[in-house]
Structures are given as structure tokens and as C-alpha cells.
Amino acid sequence: MTHRRDTVQMEQRWTNARLATMAGDDLGLIDDGVVAAKDGRIIYAGPAKDAPATQGAVHDCEGRLITPGLIDCHTHLIHGGNRANEWAMRLEGASYDEIARAGGGIVSTMRATRDASEAELVASALPRLDALIAEGVTTIEIKSGYGLSTNDELKMLRAARALANIRAIRVEPTFLGAHALPPEYQGDSDAYIDLVVGEMIPAVASLATAVDAFCEGIGFSPEQCARVLAAAKAHGLKVKLHAEQLSALHGSALAARHGALSADHLEHATDEDVRAMAEAGSVAVLLPGAYYFMRETRLPPVQAMRRHGTRIALATDNNPGTSPTSSLLLMLNMGATLFGLTVIEALRGVTVNAAAALGLSAEIGTIEVGKACDLAIWDVGDPAELVYRIGFNPLHQRIKDGQ
């Protein structure tokens, strides 16, 4: 098939590159590839021999690998304080459940977050965000969930949005009011869910793009989470769910019934849960950092996900208690080493499938015409190197919206 080589006014053009477009079912590799963009959108991605001529700026990539900009689709980046002391307790034998029931865990971060101003939350989050940006991340999801009051949850979401005005990154704010029970509602979780559903969700609807909940024995019941998801959808918000991290409550199947973008963690998900997610199109977001940091032993059912065709994404789960990491590249290696993902599965997990987990498949996640020109240019030629290496950042350049 021949292609007409029209002259197009292009703002930017990257040539002499090996492209991993992520289009199709694999890495979408194109040798001697070209990416061209205008007004922040990709207008050509393919072989150099078929590329239209241009009068715009041309950047010779000298054989480097270009992937879509990476996407961290599950983080708790905004928070006050840290929980290094609880980590020390865990090293001495305390369980996550014991720490939480003793007033630690999420509630201890709640206190520090409530005490912090919006400006302080932004300032403390910036180093964590910058570490992810330095690894080629161009889109990040940031959850609330450490305020646990209407005003403090709003403060967290405003802080998350503020980051996008300070750095060149797309931020997807998620409301996670049903993260833990605040002390003032101790013993009356239904009343707190009443607050989440009746007051918080209407208040945050203009700031958040999605709503999440923590479906666990130390969190909220499936019935309570169902109320949260239903209220979110009634306000036009996308939904997702923390599910099956510590126990099998079939939260992932619940998420699927509500048309959730994703269910996340999933170490205790059953075959039926995974099948329900596949049928609903919900993405399985795996979080190897939390698995590693908590010394978990039960693996998420990756083979069942493959068998049923459930899409798999990877994320840092950046948070102060169970995954204090700001390295998505490390998650690539952990996803492969701990969970048995292939190179293709891992890389698609931080690009095309991560975009699906945020409901942004039409915008980002692949290098295709019409999508945002979010790229990561790497000082490697083989995509496997991004998954293989540990403590090594080969990022050459990060491109956000063509710049």
C-alpha cells in the first residue's frame, strides 16, 4: 500500500526512533519510526518511509525507544506526615490490622492531614510527584481519603488539582471519603456512610473525576460500598474500588456490577470475581509495592485474569503506610518478579491499560493519531530493559502535550 506524502505544518517531529506505540494487543513496535504532533496532538505515528514532510522542528532520537508517557493510575500522593514509626512496628511483628485497630494506619495520617494547610499538602507532595515525573510519568491519579471530613476532603482534592498548575502533568483527582472510619464516627460506620453519600459526594462532584471506597473488614462492607458507588454514579462520577487486598468480600464483583473503571489490589479475588470484571470491562489494577511492603504471600490471580481476558494495570499505590514509593519503573520490575507479568503485560500496565483504568483510553495511553502527544523517550533500544533493571532510570526526555 502506498501513502501520499503531503506537506503538513507540524509543531514537533521526533525521528529515527524505535516506537512502542502500545496499539493493538502487544507493544506495537515500529523500527525507524516517526512521531509528529501539532497543537499537542499526535498527527502521525508510524514508519519514517510513510511520514509526511514537515516544516516544523525536527528532533533526531538517535535510535532511542519512545513509549507513551507513563500513567500512575492509583496513588495517595497527597497526605500529611509519614508512618515510618509504624513500619518499624511492622518489622517487629505487628500486623496492618493490629496497627489500624490501635489507632494507627490511615487514621494517624488523617490527623496529620487535617492539621496541614492546603499549601503544606501541596509542598509536601511535590518531591514525590517530581520523582514520578523524572521517570516519564505524564498522567497521575491522586486520591483523597485522609481528611475524612467534608472540608478536609475538599482540601485534599484542591491540593491535588493545584499540582497540575505547578507541574506539566495531568492529574485525575479521585474522592476516597470511604477510606476509613474517623474517630468521631467510631462505632457508627453507617452514619459516616450517610455523610459520605449525602454531603461529601455532592460537595466534591465538581473537583473529583471519580469516587473510590475501601471494601475490607477494616474498611467498609460491600453493602456500604455499594451505597457509595451508587451515589457517585448518580452525580455523574466514575467509580472504582479497593477490593480483595486482605480478604475475600467479592468487592471486585461488586465493582463490576456498578460498571467500575477498575478494582484494585485483588490478592484475594476469586475466579468468579475476575470473570465478572472481564465481562464488565473493569481493569485489574495490581499494586506490587503494597504487596512487597506488607510482606503479603497471597498473589493476585494473574492466570485467571489472562484466562478471562481481564485487562491488567500496574501502579505505585504511593501512600505513607503501605507503599511509600515514588517509582513506577520499580513497579514494572516488581510486577514481573513478584506477580509473574510478562514484559508486554507490565509495559501495557503503565500505559494503555492504566489509561483504561482512568477512563481515558480515547485521550492517552498509546501513540496514535488524535491522542495527546504524551511521550517518554528512553536511552534504551529494547523495551524489556525498562522492566528488567532495578534502581536505573534511563529516561532521556519526557514530552507532555507535545512539549
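In case you wondered, yes, glycine gets a Cβ from its N, Cα and C as well.
Fe(3+) binds His74, His76, His242 as Swiss-Prot records it, and from the list Asp130, Asp152, Asp317 the residue named for this site is Asp317.
Site annotation for N-formimidoyl-L-glutamate in Swiss-Prot covers Asn319, Gly321, and the matching candidate from Tyr44, Tyr146 is Tyr146.
What Swiss-Prot records for the 4-imidazolone-5-propanoate site is Arg83, Tyr146, His179, Gln245, and among Thr15, Thr310, Thr316, Thr322 the residue it adds there is Thr322. Of all the binding-site residues in the list His74, His76, His242, the shortest Cα-Cα distance to Thr322 (4-imidazolone-5-propanoate binding site) is found for His76. Taking each of the binding-site residues Arg83, Tyr146, Asp317, Thr322 in turn and counting other Cβ atoms within 10 Å of its Cβ gives the largest count for Tyr146. Among Arg83, Tyr146, His179, Gln245, Thr322, the residues given in the record as binding 4-imidazolone-5-propanoate, the maximal Cα to Cα distance rounds to 20 Å. Within 8 A of the CB centroid of the Zn(2+) site residues His74, His76, His242, Asp317, the other residues of that chain are Thr75, Lys143, Asp264, His265, Leu287, Ala290, Ala315, Asn318, Asn319, Ser323. The binding-site residues considered are Gln245, Asn319; of these, Asn319 has the fewest other C-beta atoms within 10 angstroms of its C-beta. Within 10 Å of Tyr146 (4-imidazolone-5-propanoate binding site), counting CA to CA, the binding-site residues His74, His76, His242, Asp317, Gly321 contribute His76.
Excluding Tyr146, Asn319, Gly321 themselves, the residues of that chain whose CB lies within 8 A of the CB mean position for the N-formimidoyl-L-glutamate site are, in sequence, His76, His79, Arg83, Ile106, Thr109, Gly145, Pro320, Thr322.
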